[in-house]
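Enquirer: Before anything else, here's the structure in question.
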Amino acid sequence: MNDQIILSSTLIALLVLFIWGKVRYDALTVGALFVLVVLDIIPANKAFVGFAHPAVITVALVLVISQGLSNSGIAGLVGKLIGGREFTEIQFLISLLLIAAVLSSFINNIGALAILLPITLNICQKMDWHSSKFLMPLSFACILGGMNTAIGTPPNIIISEYKATISDAGFNFFDFSYVGLVITIICILFIAFIGNKLIFLRKEVQKGEHLINLKGYLFEVLVNDDSSSIGMTLYAFKNQAGEDTEILGIVSERGSVKKVQNNMRIKAGQILVIKTPPDDIGNILDIFDFSIPKELHSFDEDDLEEIEVMITPGSRLIGRKYDFFLKLAFEELNLLGLWRKGSKYRTRLTRETFRAGDVLLLGVRDLAEEDVSNKIKHLGLMPLRQRELQTIPSRSRLFKGLFFFGLSIFLVSFNYLSAATAFLLCVLAFARIKIIDSNFYRNIDWPIIVMLAAMIPIGT
C-alpha cells in the first residue's frame, strides 16, 4: 500500500511540475525515476530498460525520418500545391489544415509545422491576410493529424507496442484512422467555420501588417571617399533617406558602436550602423555611394542574391558570433543585416552574439539551390522569405525519399516488419541517398527520448 501511495504522490508531483514549466521535462522524469529507484519501488536493474524499448527507438527513428523528408524538399512540393493557386481565406485555411493533418499523420508534429509555417507566412504576406488567423488552426491541425496512424504521436507508438506485449500483435498502422480520421475531419470543419472566428486579433495590427515585421533591419555601411553624404548632418541624411531609415551609431576604432547626435556630420571612411527595411538598403547604397564593409562581405554586391532566415531554438549559431557563422558557411553565405526584436545594439554585427529568434538577411553567392538549402539546414536556420532565390532540393531526392518512406509504411502496414525495423531501414536508405548527413543524430529531440525512456519503467 505504501508503494502505491509513494508512486501516486510522485506522479502527481511530476504532473504539477510539468504544468509549472520552470524545469525541463526530461530532467523532471529522470529525477522522478531516481527517487523511485532510491526508494526501491523500481528495481535498479530495470531503471533504464526504457532506452531499449521498441517504442522509444521508433520515436527516435521517426524524428530522423521527419527531418529527412524535410531535407528532401517536401516543403517545395507543398508550396507548389498551394502557393500557385488562387484561394479565398476560407479555402486556403481548409487546404492548409488538411495538408497539415496529412503530414503530421506520418511525420513528427513539429516537423510538419516547420514545413508549413514559412509557406503560410509567405502566402499571407502575398495575399495581404492577417497571419494570426491561420497559425493557431495550423497548430491544432498538426495535433489532430497525429491521431490517425500508429506513428502519429509517441503515445500511439507506445500503446501499439504495449498491446503487442499483452496480445499476439500490436495495432496495425492505420487502426487509429477509424476514429482519428472522423475526429480530424469534424474538428477541421469546426475550426474553419466556427473556431476561426473565436481567435482574438490584436486591434493595433492592421490587415496589411504581418506576424513578423522585418522593417527594422540592422546594417553596417562604409562611407566611400566619393560618397555624396560626406559633410551631411545625420538629420539631413535621414530626411533624404526616408523616415524608415535612421543611423543608430558610428563604429569606433576599437570596434564599439558610439551614439550619434543629429548635428554630427558624416565623414569619409566611417562605418555607419543604420536601421532600414531590407528592400531599401540597395537604394541607400546606390544613392549615397555606400558599400558593405569587407569584414562582413567578401564578394561583389552584384553577385548576391538574398534570403531571410530565422535562427531556430536548435541552431548551432546560438551563443556564437559571426566568425563561427563564417566557418560553418565556408564564407559562401554572408551576413548583410540583422533583425532582433526589443534589443539595442552596442557592438558591431561581427561581434553580436546570435540568439534564437534573430532574423538574418544573408547574401548568397552563385550556388546551386540544393547547396544553399543544405547550408541553411546545417546552420539550423529556417527560411522566411527568399529574394530571387528558391531553396528547393532536386526532385529526384524528393521522390526517392517519398518512395523509401512509403515502402517502410507498406512493410509495417502488412506486418512484414516491425515499425522499428522498417523505419531503421528507411533511415539507412535516407543516409545512402544523402537525404540525411552524418550528423543526423542532432535531428533527434533527445529531451523527448529521455523523457519517454524514463517514464516507461515508472509506468510499468
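Using N, Cα and C of the backbone, Cβ positions are placed for all residues, glycine too.
Taken from TrEMBL, the feature transmembrane segment covers 5-21, 27-44, 51-70, 90-117, 138-158, 178-200, 402-431. Among the features that TrEMBL reports, domain 'RCK C-terminal' is placed at 294-378.
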Enquirer: So, does the transmembrane segment (402-431) come close enough to the transmembrane segment (51-70) to give 3+ Cβ pairs below 8 Å, pairs being at least 6 apart in sequence?
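Expert: Between the transmembrane segment (51-70) and the transmembrane segment (402-431), contact is present.
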Enquirer: Determine which residues of the chain contact the transmembrane segment (138-158) at the Cβ level, with the cut-off under 8 Å and only residues 6 or more beyond its ends counted.
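Expert: For the transmembrane segment (138-158), the list is 55, 58-59, 62, 96-98, 100-106, 109-110, 112-113, 116-117, 120, 170-177, 179-181, 183-184, 187-188, 191, 195, 412, 419, 423, 448, 452, 456.
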Enquirer: Grab the same-chain neighbours of the transmembrane segment (5-21) for me: Cβ-Cβ under 8 Å, and only residues 6 or more beyond its ends, written as numbers and ranges.
Expert: 28-29, 32, 35-36, 39, 41, 458
